[in-house]
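Engineer: Have a look at the structure that comes next, please.
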Amino acid sequence: MAMKFICDTERCIACYGCVVACKEGHHLPIGVNRRRVVIVNEGKPGEKSISIACMHCSDAPCMAVCPTKCIYKREDGIVLHDKTKCIGCGYCLMACPFGAPQFPKSGPFGARGVMDKCTFCAGGPAPTFSEQEKQLYGQNRIAEGKVPLCAGMCSTKALLAGDSEVISEIYTQRVAKRGAANL
Amino acid sequence: MNKKIFLGLLFIIGALADTAFAQTAPAKAYLIDIWYGFYNAIVGDWAKNAPLFIEYVTKMKPVYLLVVIGVPSVFLLHYLIIGPKKFSHEGEQILYYDVFARIIHWLAALFFSLLVFTGLIIIFANVFGGGSFVKFCRYVHLISAFGFGITVVPMFLMWLKDMLPAPYDIKWFLILGGYLSKKKRPIPAGKYNAGQKMWFWLATLGGGFMLFTGFYIYLFNTSLETLRLYTLLHMLLGIAIVALFFTHIYMSMIAIKGALWSMITGYKSADEVSILHSKYYEKLKKKA
Amino acid sequence: MAARKIISRKAPSGRKFTLNPKVARRSFMKIAAAVTALTGLALSGRLTKEAEAKAKKSPYSQSKIVRTICTYCSVGCGIYAEVENDVWVRQEIAQDHPVSRGGHCCKGAGAIDMVNSEKRLKYPLKRQNGRWVKISWEQAMDEICSKLLDIRKKYGPDAVHWNGSAKVSTEMAYLQRKLAAFWGTNNIDHQARI
Amino acid sequence: MTNHFNDIRHSKLLFFIGSNAAEAHPVAMQYILYAKEVNNAPVIVVDPRFTKLAAKATDYVRIRPGTDTAFLMGLINQLIQNDWYDKEFVRTRVAGFEELKKEASHYTPEVVEDITGVPAKEVVRIAKLLADNRPGTVIWCMGITQHHIGSSNTRACCILQLMLGNMGKSGGGTNIFRGHDNVQGATDMCVLSHSLPGYYGLSDKAWKHWCKVWGVDYEWIKSRFYNKKYMNKPGFTLARWYQGVIQEDKITQYTPIKAVVFWGISSQSISQYHKVKKAFEQLDLVVVIDPFFNTTAAMCEKDNVYVLPSTSQYETEGSVTSSCRQAQWRYKVVNPVYDSKTDYEIMEEFVKRFGFADKFYKNIKKIPEDITREIANGCLTIGLCGWLPERIKKHTDNWHTFDIDTLQAKGGPCDGEYYGLPWPCWTEDHPGTPILYDISKPVAKGGLPFRARFGTEYTYPDGRKENLLAAEGVANPGSEIMGGYPEFPGWKTDKNVIKEAIKRGMAPFGNARARCYCWNFPDPVPKHREPLHSPRPDLIKKYPTYPDKPDHYRVYTRYKSEQKPELAKEFPIVLITGRVVEHMGGGDETRSNKYLAELMPEVYAEINPRLANDYGLRDGEMVWIESPEGGRIKIKVKVTERVDDKTIFIPYSFSGMFMGRSMLSNYPQGFEPYAIGEPANIVTNYGYDIKTQIQGTKECLCRIKKA
């Protein structure tokens with residue numbers, strides 16, 4: 001089992017619903033974008049957009065390079081990190097293909113604070129539902145049995161979140177339906 | 001591992017694959033263009049050097065471990081088998097380091113040691129449990145870098161002349177500075193021997209390069225591609241610096257009995273200079 | 001059928017509800033299946049903090065869910081507002097709303113900010129000598145109404161123009177029109193004009 | 001909207017004209033994309049700008065701003081010429097076809113190409129697409145309405161659907177995505193200067209009906225007015241009220257306006273905003289009631305302004321009507337925060353001090369439920385009789401029981417009813433009318449014929465007589481009269497008449513034909529007229545505007561005298577405004593949300609690379625944009641191919657700057673929005689619709705200067 005996101009680019013309309021849902025839900029500071037929307041060919045035919053966050057890679061490069069070994073993988077494939085251990089070195093950002101790790105400028109001398117990234121709305125290593133968890137990682141919706149905010153609030157249901165097998169099945173079906181309709 | 005990451009990428013951007021089925025925008029944009037558009041916008045030049053970065057950074061820790069454990073153990077063996085060199089500290093004294101040189105040396109030494117130790121702590125952050133202690137070390141590393149940056153300049157200038165390489169340095173290297181024998185034979189070396197020269201150049205120029213790369217790693221305001229390169233170089237050079245740093249400490253504090261005092265008082269005994277810096281001693285004698 | 005499994009899930013409001021099977025069959029499946037995956041996960045007990053999660057199912061134990069409607073555009077998206085001690089603590093996903101099905105654009109996703117924003121106007125203000133002065137409601141209403149009545153007396157009821165709103169409830173909009181009628185003017189308009 | 005959002009799932013074609021649903025109505029996109037994906041429906045987007053919606057289109061048509069009627073008439077002409085129109089539908093349910101045919105025949109593809117810039121071939125192709133994919137839906141927004149011929153534009157859209165026979169069908173219809181969350185409700189309540197709630201108008205009959213509903217004496221209401229003439233005369237509109245203060249155009253009211261109340265509305269949405277600001281300085285009193293400190297208050301630089309903090313919508317309750325005429329109950333989430341009061345409380349404060357509280361609240365004891373009941377008692381014309389507070393609440397409480405395909409509840413407490421009881425909801429047990437003019441269902445089950453509002457017969461100018469009632473055999477199932485019938489006498493004021501009609505399976509307002517020829521409009525059949533400020537001086541002679549209208553909502557409105565061919569020389573660039581997804585309306589709310597402000601922190605002008613290079617402008621540079629009326633704004637350039645090289649686009653949701661000057665010092669400390677920018681409406685031009693006086697912000701001219 002591995003939790004994953006898929007963004008259906010044919011459906012994504014770059015409404016930024018996922019971005020604000022995430023920020024508002026987890027009370028993120030300005031400048032920290034756990035999720036962002038990338039638009040290509042803006043204003044031209046072929047304009048497409050995609051919503052990107054931590055992809056919770058099965059073989060996460062960030063885990064490999066972290067000097068504090070604060071990034072870990074849960075059994076369900078969600079990649080989380082321990083903010084109390086993180087030192088804000090930035091290696092994870094250098095290793096990440098998606099630019100997922102975020103660094104608020106909060107340390108002394110404008111240094112990077114500790115890393116922040118998408119938690120798949122699964123909180124962090126702090127006790128579930130504790131004040132500390134809320135402060136550091138935001139909501140822990142997975143523990144409540146709820147879907148991540150971004151996918152739940154996606155206006156066109158472009159963003160899918162869940163077990164990779166299930167969502168890729170849905171996605172395949174969707175594309176197949178589209179294909180058949182266009183034959 | 002890289003293969004897996006790429007597969008992951010394909011999975012994600014595979015979301016685009018259905019453009020092949022669906023009718024697209026009015027004037028057809030080529031699927032491959034869109035794919036590359038996304039790839040460039042999201043992944044960018046990650047594939048160029050990030051896999052390399054990941055590979056080397058993960059391998060760096062054992063190398064450092066090897067250096068941190070290996071170098072001292074070699075010296076321990078040396079100490080046990082060959083033992084330190086002993087010189088008489090009585091008799092004629094030669095002024096080796098003036099007050100200015102000593103102050104600069106010790107200031108630089110302080111910052112440099114801080115840099116090395118905090119650097120090592122950062123590399124082995126998981127051993128120290130990460131968190132606020134290591135974060136504190138990061139700030140110490142940063143402040144020390146500024147301190148070292150200020151002191152390294154006069155140090156570089158004051159020793160530059162004596163640190164220029166000389167032909168007999170090759171001979172020094174061939175006999176490894178005579179540290180492998182217990183005999184007291186004059187060793188070919190000027191005011192500073194080839195080992196010291198090596199250390200000097202590494203500490204000043206290498207240190208400068210460390211400052212440069214470190215500054216970018218701290219600011220994080222250049223492209224990730226460059227940052228990865230700088231980080232790698234920072235870490236690679238760090239290995240050499242840590243190794244020589246340990247050597248320097250061993251040599252000055254243990255390998256040559258009483259050598260430490262010369263940097264405190266400024267004087268070395270003629271006995272010591274005549275053996276370890278024979279060429280310089282000859283020069284001095286000639287002058288006299 | 002995977003979608004079937006989620007059909008009788010507890011609604012966030014605590015009420016049992018049944019989704020129309022047709023709903024699940026349609027493209028609604030996407031998010032629904034994501035729910036399956038996650039609830040399935042919760043049940044498999046492989047969560048890191050499984051024991052703690054069991055003890056406390058929600059971070060807001062005293063909260064209740066209020067159904068309300070987004071205030072931005074005319075699509076009328078549903079919102080589940082989670083309220084605890086008269087504080088809107090969290091905006092939940094109204095996945096079973098027949099029109100929006102949980103969807104929000106960026107404005108709606110931040111609807112909670114309408115209440116919690118620190119930029120909210122906090123007290124009546126009056127501009128005096130070029131500066132803003134805090135006044136009481138009583139004073140504000142007294143001054144405004146006496147000025148309005150003076151203008152009415154001096155120039156007639158049509159000297160006041162009322163601008164109503166498309167952002168208030170239908171009832172309130174009705175009262176705005178009624179007020180203009182009772183005031184004695186047709187000088188009333190709102191955003192629908194433009 | 002004649003249909004509802006979910007019904008778009010059944011569409012076989014989507015025709016957007018002047019709508020950017022992807023930014024203005026993102027959640028509606030899930031149905032639009034569903035139709036595109038599953039029905040393989042062509043998505044045709046007609047817009048001067050390549051919008052985010054156009055990015056999802058299958059066919060994008062770039063049109064010159066202000067020429068929608070010409071394009072639509074060109075399509076209609078193609079449908080008629082090629083016999084692609086729905087002959088049966090036209091025979092049985094449409095009136096004035098001959099007149100339409102005559103007028104439309106002028107708009108050949110070549111003529112359309114000349115006017116709109118759309119290639120002639122493209123016009124034929126789109127017409128064929130429309131004809132081949134039925135039922136298709138036509139969707140529009142302010143891109144269609146905000147023109148001086150906005151009312152013609154909208155009618156042209158409706159006529160297009162009539163020709164295609166798409167009216168009253170699932171998947172068809174004319175779907176106007178409206179702007180604000182409750183603009184439909186507020187419009188139904190006619191917070192408008194030309195009508196009383198329920199679109200009753202301002203006639204004596206209407207006043208008498210409402211006096212009866214309110215339980216007040218008609219004579220008393222009359223005594224409140226200056227005189228009876230002003231009771232029946234439409235008042236100033238939002239678009240031009242400020243002329244009542246500055247009087248640049250002659251006003252036809254006995255007094256200038258001395259005080260203005262802004263209740264939950266931002267002023268920067270009014271065109272020629274610099275003149276509105278001038279009006280603020282001449283007013284004796286400005287009252288601003290808003291949850292946020294809005295621009296209106298910041299623009300008043302005289303000691304004449306009061307700002308009252310009302311609560312947000314989540315701290316009060318009431319029903320809201322979404323674009324598809326469905327009511328939902330917006331429950332109160334929390335009690336009012338800070339020292340703010342709900343709108344109802346503020347209203348009470350006003351009414352109490354005005355001294356007519358007993359009359360005003362005669363039927364209203366419990367707020368807001370009793371108000372809903374009073375509305376249900378009064379608004380018979382649009383069938384709000386069934387909108388009881390309990391029913392609306394029941395629907396909202398059980399929204400999960402409604403089928404997303406038809407919006408009909410299956411089982412549960414609302415079994416068989418349509419979500420939100422889309423009006424007309426004729427009686428207390430009527431399920432609502434999800435699709436207007438649908439004659440496949442009985443009226444009692446949500447069916448409806450066309451309204452017989454304009455008599456039973458009409459003689460056209462050429463002497464042709466036509467029966468305006470629907471043809472024989474065309475009526476809702478179960479109707480007592482299978483064919484056209486006139487409206488029931490007294491149905492607008494008597495609920496029993498409505499009940500009686502429903503019982504007989506008939507619509508209270510009759511069963512008629514939809515008119516293509518509206519004799520009560522300046523242009524009975526929609527007709528292209530060049531924008532007042534046209535970039536094509538050569539076309540002005542051929543398609544001139546209307547004569548000036550001396551008393552248009554109490555103010556002289558220039559048409560003919562404003563349309564000058566030489567203007568385009570000095571102001572060569574077309575300016576259009578529009579929405580961005582991050583901000584709403586005037587943006588005072590959304591710019592006070594830090595996340596939204598972060599996403600869209602500043603205003604910009606979209607300029608085509610070609611135009612930018614001609615003026616030597618680079619991306620991110622500042623530019624002055626100037627309007628013929630003297631408005632000018634300093635704004636950042638965004639070089640993009642979204643617009644063509646004759647047009648620039650500015651999002652209108654910004655304020656806080658004024659002609660290059662920051663107004664931040666006018667905000668009390670701590671209440672400034674996170675993002676400020678120049679209001680686009682400073683540079684929007686003169687020009688108002690001939691019928692409704694909507695402002696023409698989508699057909700402006702401007703010039704640009706490097707800053």
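Including glycine, each Cβ sits where the backbone N, Cα and C put it.
Annotations per TrEMBL:
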- B:97-266: domain 'Cytochrome b561 bacterial/Ni-hydrogenase' (DOMAIN)
- B:1-22: signal peptide (SIGNAL)
- B:63-82: transmembrane segment (TRANSMEM)
- B:103-127: transmembrane segment (TRANSMEM)
- B:139-160: transmembrane segment (TRANSMEM)
- B:199-220: transmembrane segment (TRANSMEM)
- B:232-256: transmembrane segment (TRANSMEM)
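Tell me about the surroundings of these features in the structure.
Structural biologist: Beyond the transmembrane segment (B:63-82), the same-chain residues lying 6 or more positions past its ends with a Cβ under 8 Å from any Cβ of the stretch are 120, 123-124, 179-182, 238-239, 242-243, 246-247, 250, 254-255.
Beyond its flanks by at least six residues, the transmembrane segment (B:103-127) meets 60-61, 64-65, 68, 97, 133-134, 137-138, 140-141, 144-145, 147-148, 151-152, 154-155, 158, 203, 207, 210, 235, 238, 241-242, 245, 263 of its own chain at Cβ-Cβ distances under 8 Å.
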Engineer: Any residues 6+ beyond the ends of the transmembrane segment (B:232-256) with a Cβ under 8 Å from its own?
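Structural biologist: Same-chain contacts beyond the ends: 52-53, 56-57, 60, 63-64, 67-68, 71-72, 75, 78-79, 84-85, 87, 112-113, 116, 119-120, 123, 179, 195, 198-199, 202-203, 206-207, 209-210, 213-214, 217, 263, 272, 276.
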Engineer: Using a Cβ cut-off under 8 Å, which residues of the same chain at least 6 positions beyond either end of the transmembrane segment (B:139-160) come close to it?
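Structural biologist: Counting only partners 6 or more residues beyond its ends, the transmembrane segment (B:139-160) has Cβ contacts under 8 Å with 100-101, 104-105, 107-108, 110-112, 114-115, 118-119, 122, 192, 200, 203-204, 207-208, 210-211, 214-215, 218.
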Engineer: Using Cβ atoms and a strict cutoff of less than 8 Å, what residues sit near the transmembrane segment (B:199-220) while being 6 or more residues removed from its termini?
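Structural biologist: Contacts of the transmembrane segment (B:199-220) (Cβ under 8 Å, skipping residues fewer than 6 from its ends): 108, 112, 115, 141-142, 145, 148-149, 152, 155-156, 159, 163, 192, 226-227, 230-231, 233-234, 237-238, 240-241, 244, 247-248.
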Engineer: Calculate the per-residue pLDDT averaged over the domain 'Cytochrome b561 bacterial/Ni-hydrogenase' (B:97-266) and state the result as an integer.
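Structural biologist: A mean pLDDT of 88 is what the predicted model shows over the domain 'Cytochrome b561 bacterial/Ni-hydrogenase' (B:97-266).
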